[in-house]
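What follows is a single structure, written as structure tokens, with notes after it.
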Amino acid sequence: MEKRYELNKNLAQMLKDGVIMDVVNPEQAKIAEEAGAVAVMALERVPSDIRKQGGVARTSDPKMIKEIINAVSIPVMAKVRIGHFVEAQILEAIGVDYIDESEVLTPADDLFHINKKDFKVPFVCGARNLGEALRRIGEGASMIRTKGEAGTGNVVEAVRHMRTISSEMRKLQLTPKEELMTVAKEMGAPFNLIEYVAEKGRLPVINFAAGGIATPADAALMMQLGCDGIFVGSGIFKSDNPEKRAKAIVKATTYFKDPEVLAKASENLGGAMLGLEISKLETEFAERGW
């Protein structure tokens with residue numbers, strides 16, 4: 001089991017410095033692949049549509065996911081509800097490359113997340129803070145992402161979550177060793193992972209940005225804040241020119257420290273997706289899970 005987990009972490013490392021795009025059909029998946037995406041997330045409704053339409057959001061139709069798998073050569077991810085291990089069993093059976101236990105879908109279990117160590121396929125999970133990140137890693141997550149606030153086109157929550165995780169890691173590095181067990185208790189996180197972060201100053205898995213990223217500048221901002229890569233959900237295919245915006249966000253993620261490249265990548269993209277103010281949301285997806 002330990003060897004499998006190490007392999008999954010290494011598989012996730014291969015996505016580092018890349019962009020993962022939400023797609024709802026094979027045509028969008030091909031656009032994402034041609035734009036330079038390192039993987040796609042297959043789902044029936046992007047987060048902005050889930051937010052707009054409401055109701056219970058579940059994992060996508062396996063047939064649709066298989067069509068996307070067959071359409072592209074890059075890895076395909078798909079989402080399951082928090083705690084819904086049977087949805088995860090189904091996705092593993094149809095051959096997805098990664099499973100996202102996602103707060104964007106309606107949680108199936110308000111007490112427990114999936115024990116990801118029961119699966120061979122690697123999992124990605126969202127986190128708002130270091131405690132959440134380490135709990136998910138303790139359950140077997142091979143990759144972490146900020147929760148942000150998906151479907152809003154508003155990057156503020158992703159920034160908040162990344163800054164929180166980074167500041168808590170810096171604080172942990174300054175914590176005396178004899179106090180680490182108390183920190184583990186307070187965070188509800190495995191002690192060995194607390195020790196790892198205190199020593200290394202980073203998570204033991206890669207950490208991507210997700211939730212509200214809509215522009216090349218948003219992607220570069222999150223990379224400069226220390227993220228290992230970018231998830232873009234509604235931001236591409238809810239914009240005026242998806243093909244051009246997809247390529248621009250990939251370029252911005254690669255050249256995130258070069259303002260001249262960022263300026264050029266941001267030109268003539270057409271309108272970005274309509275953004276939402278966080279304080280006016282009826283449902284905050286990031287509050288789901290623990």
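Just so it is clear, glycine is given a Cβ too, placed from its N, Cα and C backbone atoms.
For Lys79 (active site, schiff-base intermediate with D-ribose 5-phosphate), the Cβ neighbour count at a 10 Å cut-off comes to 28, with all displayed protein chains included. As annotated by Swiss-Prot, active site, schiff-base intermediate with D-ribose 5-phosphate applies to Lys79, with the evidence given as sequence analysis.
Residues or ranges marked as D-ribose 5-phosphate binding site by Swiss-Prot: Asp22, Gly151, Gly212, Gly233, Ser234. All protein chains shown were included, and the count of other CB atoms within 10 Å of the CB of Gly212 (D-ribose 5-phosphate binding site) stands at 30.
Taken from Swiss-Prot, the feature D-glyceraldehyde 3-phosphate binding site applies to Arg163. Neighbours of Arg163 (D-glyceraldehyde 3-phosphate binding site), defined as other CB atoms within 10 A of its CB across all chains, total 13.
Note: the Cα of Asp22 (D-ribose 5-phosphate binding site) and the Cα of Lys79 (active site, schiff-base intermediate with D-ribose 5-phosphate) are spaced 10 Å from each other.
Per Cα geometry, Gly212 is the residue among the recorded positions Lys79, Gly212, Gly233 nearest to Arg163 (D-glyceraldehyde 3-phosphate binding site). Rounded to the nearest whole angstrom, the C-alpha distance between Gly233 (D-ribose 5-phosphate binding site) and Lys79 (active site, schiff-base intermediate with D-ribose 5-phosphate) is 12. Taking only the Cα positions, the spacing between Gly212 (D-ribose 5-phosphate binding site) and Lys79 (active site, schiff-base intermediate with D-ribose 5-phosphate) is 17 angstrom.
When the alpha carbons of Lys79 (active site, schiff-base intermediate with D-ribose 5-phosphate) and Ser234 (D-ribose 5-phosphate binding site) are compared, the span between them is 15 angstrom. When secondary structure is read from DSSP and collapsed to three states, Gly233 (D-ribose 5-phosphate binding site) falls in the coil class.
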